[in-house]
Amino acid sequence: MNAPAAPIGPPMWLLAEVTYRCPLHCVFCYNPVDFARHEDELSTDDWLRVLHEGRELGAVQCGFSGGEPLLRDDLEVLIAEARRLGYYTNLITSGVGLTEARLDAFKAAGLDHIQLSFQDSSREINDFLTHTRTFELKQRVGEMIKARGWPMVMNVVIHRLNIEHIGRIIEMADALGAEYLELANAQYYSWALLNRDQLMPSREQLRRAEAVTDEWKARLAERMRILFVVPDYHEGKPKKCMNGWGNVFLTVTPDGTAQPCHTARMLPGLDFPNVQEHSLRHVWFESEGFNHYRGTGWMKEPCASCEDKEKDYGGCRCQAYLLAADPDAADPVCPKSPHHEHVAAALEQAETAAPSTKPLIFRDPKESRRLCGQD
Ligand code: FES
């Protein structure tokens, strides 16, 4: 194991991925492709203990996500306990299953913040991308959230199939009274990587979308903050993934496996502890999984001698593994990476005018089992 470079501070964020169950089937879902292998879920008591231990460690923000966290019928209990412990609480949801009664219960539990995801400004694309009929329902949920005085925080994943609608997406957010809109270009992991040929926009599409967003930013500056997140493939710079490995985020997956990001479990040769067997203190400070890629000591060339190594920490370990089959490699989005050709080829493919004719793969437990050879 490599020694971490600096003393380890506490996690800021505890991310509770309370379930992988989800009524939607998004083609860009960040859940691991093999999520169906991990169907077990922690009990309410286990989650309550995790919340408690996370707060003792020093975490100040707690995000409830999934899958769709609303499918846990103990969510109110978990939110209330998180709030009682002093966390700032955040629910990350598609809104499917959110009723007036449930929202009232979340309000009573003290929930601070709801992030509602939308797929598009049109019913056709929303319903197509999620394989559901949920467009109107999401609009209603937006109104219900707003009516209870929460800030309206919307998130839309941007890709080739909706990037041309960006102006209408911003208009829709404005009509719903959004105070904050995150236009997050798809990151190509998990399901989005499977569908990358169909989802990745061309440079010109991206340039236009950014220009339209800038116009709207100026027009709505008084009432909405808009964040446009450029895909790292196009930026040509590795990102400081998760703000540094084991630096800010501690993610607990539905079955209790603790990881520094959503998908680290797939990395070969690493062992990630389960919170049913280990305390969060052990997980964060002692475990091999959390220590392995902390700091810069693990790096090989070209990262080891790179002047930016303290800025980007070599980029994303999961992306290095997915694209270069080597989790120790420089993130292939970096032009200095010996594996950069994988990213260059994907970008080149996205420049072709004709859309890919490959069928999209929708996130679904059956598909997950097929893809990991269980069917
Ligand atoms: Fe796992 Fe970037 S997503 S390190």
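Placement of Cβ uses the backbone N, Cα and C atoms for every residue, glycine included.
Per TrEMBL, the feature domain 'Radical SAM core' maps to 8-223. The [4Fe-4S] cluster binding site feature in TrEMBL is assigned to CYS22, CYS26, CYS29.
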With every protein chain in view, how many other Cβ atoms are within 10 Å of the Cβ of CYS22 ([4Fe-4S] cluster binding site)?
23
Largest tally of Cβ atoms lying within 10 Å of a Cβ, found at which of the binding-site residues CYS26, CYS29:
CYS29
Remaining residues near the recorded [4Fe-4S] cluster site, that is with C-beta within 8 Å of the centroid of the site residues CYS22, CYS26, CYS29:
LEU24, HIS25, PHE28, ASN31, GLY67, SER94, THR130, TRP191, ARG363
